[in-house]
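Asks: Have a look at this one.
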Amino acid sequence: MLDPKLVRTQPQEVAARLATRGFQLDVARIEALEEQRKSVQTRTEQLQAERNARSKAIGQAKQRGEDIAPLLADVDRMGSELEEGKRQLDAIQGELDSMLLGIPNLPHESVPVGADEDANVEVRRWGMPKTFDFEVKDHVALGERHGWLDFETAAKLSGARFALMRGPIARLHRALAQFMINLHTAEHGYEEAYTPYLVQAPALQGTGQLPKFEEDLFKIGRDGEADLYLIPTAEVSLTNIVSGQILDARQLPLKFVAHTPCFRSEAGASGRDTRGMIRQHQFDKVEMVQIVDPATSYEALEGLTANAERVLQLLELPYRVLALCTGDMGFGATKTYDLEVWVPSQDKYREISSCSNCGDFQARRMQARYRNPETGKPELVHTLNGSGLAVGRTLVAVLENYQQADGSIRVPDVLKPYMGGIEVIG
């Protein structure tokens, strides 16, 4: 959530920055609400001053033995008007809060301006895509060859956009997740967490998925109890660990990592990536979250991105890093880098990680703060998140980049310890 004071006092400036994201701020309505708020607040303050004066006059009139009934009537009337003023202020604030929940974050000044993914800027590349001397198969053909990837049975069980993995491919999928978690905890300083896969609405509001993106979520209604939602990413549960807290500055940065399934309805993805494991309703992901001092958050974003890149480097998978433009960033991000891995069957790079600095946007929603050691006052932390990595898409990249002419798959060196020393599957 944006700073309400900033939106109220500088709506034109905020609108101009949001316009670079393709978001149209209703400036007229915000200015009208601000005028109403000022008017009601001024009147309320005047009434309170008058009521205080009347109350003081009642005591003085009593001492003089005068009739205080008119003064009491004034005090009662003003009390009713003050209650009405409070109701009006609450209604104005409620409408503003509702508007704020639907407004995306402001892009950082370093973010390239553009309308869509075509304006994203390539920052760097690592590795060279392999040249094959045989016809490249996609991961579906490679996995179905021995029945180790079974989309037909998955569809029978659950419908479209699900996968059933068996045998060596299931083991390879598990090996990837274990490798990622071990790397991030042992070398990158993250604390591993096991989180709930079901969360309540306030957690999703805290990280920005609600109320705007409810159609993307799987919701579980419960009679007489709060609804639960399947997490679309462990970002939700990890970031909300600090919800409502005031942290000691010495605790920062906090760095969490978790391997979880993720659940998404893919409501806006009809017709896209219908074949294979690229876009599914259920997929595993290793998620990294950092809670940091605001002064260090953009430096932390570079480090977070490097942590995700390290996974791809050790797997020797070619990739590139993109700085997302204003029009392609996620709702809560102020700056984002996407990592795209080379997928030979598609002859292009595909997203495998998104690393974002959300500034104080999520922290304000969650009321996650730290105590500034210089002022002693609570201030909002900054939050960051990134995939380290999406396990299913990493599996796709390994299957396709490590395929051999006979359809077998070489096991990447860093995964061999997790595969019992197996060097080739298939």
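Yeah, the Cβs are placed from backbone N, Cα and C, and that goes for glycine too.
So Swiss-Prot has the following annotated:
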type	residues	note
BINDING	T233, A234, E235, E287, S387	L-serine binding site
BINDING	R264, S265, E266, E351, I352, S353, S354	ATP binding site
Asks: For a quick check of understanding: among the binding-site residues S265, S354, which residue's Cβ has the most other Cβ atoms within 10 Å?
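Replies: In terms of Cβ crowding, the pick is S354.
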Asks: How far is it from S265 (ATP binding site) to T233 (L-serine binding site), counting Cα to Cα, in Å?
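Replies: Cα to Cα, S265 (ATP binding site) and T233 (L-serine binding site) are separated by 12 Å.
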Asks: A 10 Å Cβ contact count, applied to the binding-site residues T233, S353, S387: which residue has the minimum?
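Replies: The binding-site residues T233, S353, S387 were compared, and T233 has the fewest Cβ atoms within 10 Å.
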Asks: How big is the L-serine site in terms of the longest C-alpha to C-alpha distance among T233, A234, E235, E287, S387, in angstrom?
Replies: 9
Asks: Could you find out if DSSP has E287 (L-serine binding site) as helix, strand or coil?
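Replies: SS state of E287 (L-serine binding site) = strand.
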Asks: Which binding-site residues (R264, E266, I352) fall within 10 Å of T233 (L-serine binding site) by Cα distance?
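Replies: So the list is R264.
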Asks: For E287 (L-serine binding site), write down the residues of its own chain that are at least 6 apart in sequence and whose Cβ falls under 8 Å from its Cβ; none is a fine answer.
Replies: T233, A234, E235, L238, V257, A258, H259, T260, N385, G386, S387, G388
Asks: Please give the ATP site's span as the largest CA-CA distance among R264, S265, E266, E351, I352, S353, S354, to the nearest whole angstrom.
Replies: 19
Asks: An 8 Å radius from the center of the T233, A234, E235, E287, S387 Cβ atoms defines the neighbourhood of the L-serine site; name the other residues of that chain inside it, in order.
Replies: V236, L238, A258, T260, C262, K285, V286, M288, V289, N385, G386
Asks: Below 8 Å Cβ to Cβ and six or more residues apart, same chain only. Which residues does that give for E266 (ATP binding site)?
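Replies: Same-chain residues close to E266 (ATP binding site) (Cβ under 8 Å, separated by 6 or more) are R161, D216, R279, Q280, H281.
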